[in-house]
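Participant: Starting off with a structure, shown below.
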Amino acid sequence: MTATRVLVLNSGSSSVKYQLLDMRDSGRLAMGLVERIGEGTSRLKHTALTTGETRETIGPIADHAAALKAVAEELTKDGLGLDSPELAAIGHRVVHGGQQFTAPTVIDETVLAEIERLIPVAPLHNPANLIGIRTAQALRPDLPQVAVFDTAFHTTMPESAARYAIDVKTADEYRIRRYGFHGTSHAYVSRATAELLGRAPEDVNVIVLHLGNGASASAVRGGRCVDTSMGLTPLEGLVMGTRSGDVDPAVIFHLMRVGGMSTDEIDTLLNKKSGLIGLCGDNDMREIRRRVDEGDEQARLAFDIYIHRLKKYIGAYYAVLGRVDAIAFTAGVGENAAPVREAAVAGLEELGLAVDADLNAARGDGPRLVSPEGARVAVAVVPTDEELEIATQTYALVGASHDLI
Ligand SMILES: Nc1ncnc2c1ncn2[C@@H]1O[C@H](COP(=O)(O)OP(=O)(O)O)[C@@H](O)[C@H]1O
Ligand SMILES: CC(=O)OP(=O)(O)O
Ligand SMILES: [Mg+2]
């Protein structure tokens, strides 16, 4: 039997998203999400697309290993268990791959050691990714496990964009540079945007705005990333759900010297208690918009700061690219929050940027244009699909060799 299925695991700091796909037609067989891992009331939502059935389980799931075992049990109930001979590989999202990993990679002990070495620069993400890999290896030791790195797409950035202006010797010793993240999404969305325009990716310059709980922008010239807003870690750049994005680094010295705060306290402050939640107590854009519409001043200011930063990056990447064919909004906020898209391009008509109010307000599933007809720069909503991209890259790497077995 030819093995054509790929299981994709996207392990976040407190969640696991997963999809099982059949790569003959890239169709989804099952998908789901485990949320609030390690909290009292974890939630597993599983959908078998083969039957259309959805099951939801609420109850404690102590850690990522327990979460993956619960996922494996759900798949087994639908006859899609991990013991299936049709499974060709398991693909894992790995957030930090440093400079070394520029492409999807079959995981061995050396790769695992490198992912582990990078934990200090992705403390929220790489540990969860490692547990996902080790648990999957224990369940199917015979299968190829593939790492698809968030950082890989950004390794094409020129040194002028990737380097910080700090002492070269120190930077090299500690490998301090801009790595960038969400690369799988930036790659998928920039390609899908070119397709939406009916043009080859090589001919198109796109600014991709990945606005989820974590958020990042990238400048993509002819299919290659030339700049991105996240840096050494996923803390830099845009205002996010709980992360500050850009701050003057001296804020940290000030909090240490004057505020008496420890390194860990400042790390937690900037990664978990800042961004939208730090500014107004909510990190969900739906709730923030509801409060703005009710006249809540604090939510209004949080929204305005979020938009101001976004607009600065649009302007910066416009300048980096010189010519922009499209701006693509993606991820939870980018795909769903029409007021964010409208506000982000408001006043940029001189740059050829605008949204059509009706198109922008309309809902839709697939990629779509929201700019007025004939606009110089296309403004698009392009749903991301990191799991499909990971499955495609995983199968491209191992599918062909597996067929020979
Ligand atoms: N209908 C909506 N309107 C506005 N914002 C939304 C909507 N749906 C989701 N979001 C936003 O998307 C965020 C989650 O985005 P997502 O890309 O799933 O993030 P992550 O992958 O980082 O968990 C939510 O926190 C919320 O702010
Ligand atoms: C790298 C990163 O920020 O990922 P996420 O948005 O999933 O937290
Ligand atoms: Mg995400």
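Placement of Cβ uses the backbone N, Cα and C atoms for every residue, glycine included.
Just so you know, TrEMBL annotations never went through curation; they're auto-generated.
From TrEMBL, for reference:
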ACT_SITE  ASP150  active site, proton donor/acceptor
BINDING   ASN10, GLU386  Mg(2+) binding site
BINDING   LYS17, HIS210, LEU211, GLY212, ASN213, GLY214, ASP284, MET285, ARG286, GLY332, VAL333, GLY334, GLU335, ASN336  ATP binding site
BINDING   ARG93  substrate binding site
SITE      HIS182  site 'Transition state stabilizer'
SITE      ARG243  site 'Transition state stabilizer'
Participant: Find, for the listed binding-site residues ASN10, ASN213, the residue with the lowest Cβ contact count at a 10 Å cut-off, counting only other Cβ atoms.
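Facilitator: Checked ASN10, ASN213; of these binding-site residues, fewest Cβ neighbours within 10 Å: ASN213.
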Participant: Using a 10 Å cut-off, grab the number of neighbouring Cβ atoms around the Cβ of GLU335 (ATP binding site), all chains included.
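Facilitator: Summing over all protein chains shown, GLU335 (ATP binding site) has 19 other Cβ atoms within 10 Å.
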Participant: Report the same-chain neighbours of the residue listed as 'substrate binding site': residues 6+ apart in sequence with Cβ closer than 8 Å to its Cβ, ordered by sequence.
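Facilitator: Set apart from the residue listed as 'substrate binding site' by at least 6 residues yet with Cβ under 8 Å, we have VAL8, LEU9, ASN10, SER11, ASN129, VAL148, ASP150, THR184, GLU386, ILE390.
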Participant: Based on Cα coordinates, which of the following binding-site residues are within 10 Å of ARG243 (site 'Transition state stabilizer'): LEU211, ASN213, GLU335?
Facilitator: ASN213
Participant: Please give the greatest C-alpha separation between any two of the ATP-binding residues LYS17, HIS210, LEU211, GLY212, ASN213, GLY214, ASP284, MET285, ARG286, GLY332, VAL333, GLY334, GLU335, ASN336, in angstrom, as a whole number.
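Facilitator: Farthest-apart Cα atoms in LYS17, HIS210, LEU211, GLY212, ASN213, GLY214, ASP284, MET285, ARG286, GLY332, VAL333, GLY334, GLU335, ASN336 are separated by 21 Å.
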Participant: Just going by other Cβ atoms within 10 Å, which of the recorded positions LYS17, ARG243, ARG286 has the emptiest spot?
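Facilitator: Among the recorded positions LYS17, ARG243, ARG286, the lowest count of other Cβ atoms within 10 Å belongs to ARG286.
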Participant: Please work out which residue of ASP150, ASP284, GLU386 has the most C-beta neighbours within 10 angstroms of its C-beta, and give that one of the recorded positions.
Facilitator: ASP150
Participant: Using a 6 Å cut-off on Cβ distance, which of the binding-site residues ASN10, ASP284, ARG286 come close to any atom of ligand 1?
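Facilitator: The qualifying binding-site residues are ASP284, ARG286.
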Participant: With every protein chain in view, what's the tally of Cβ atoms within 10 Å of the Cβ of LEU211 (ATP binding site), excluding that atom itself?
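Facilitator: The Cβ of LEU211 (ATP binding site) has 27 Cβ neighbours within 10 Å.
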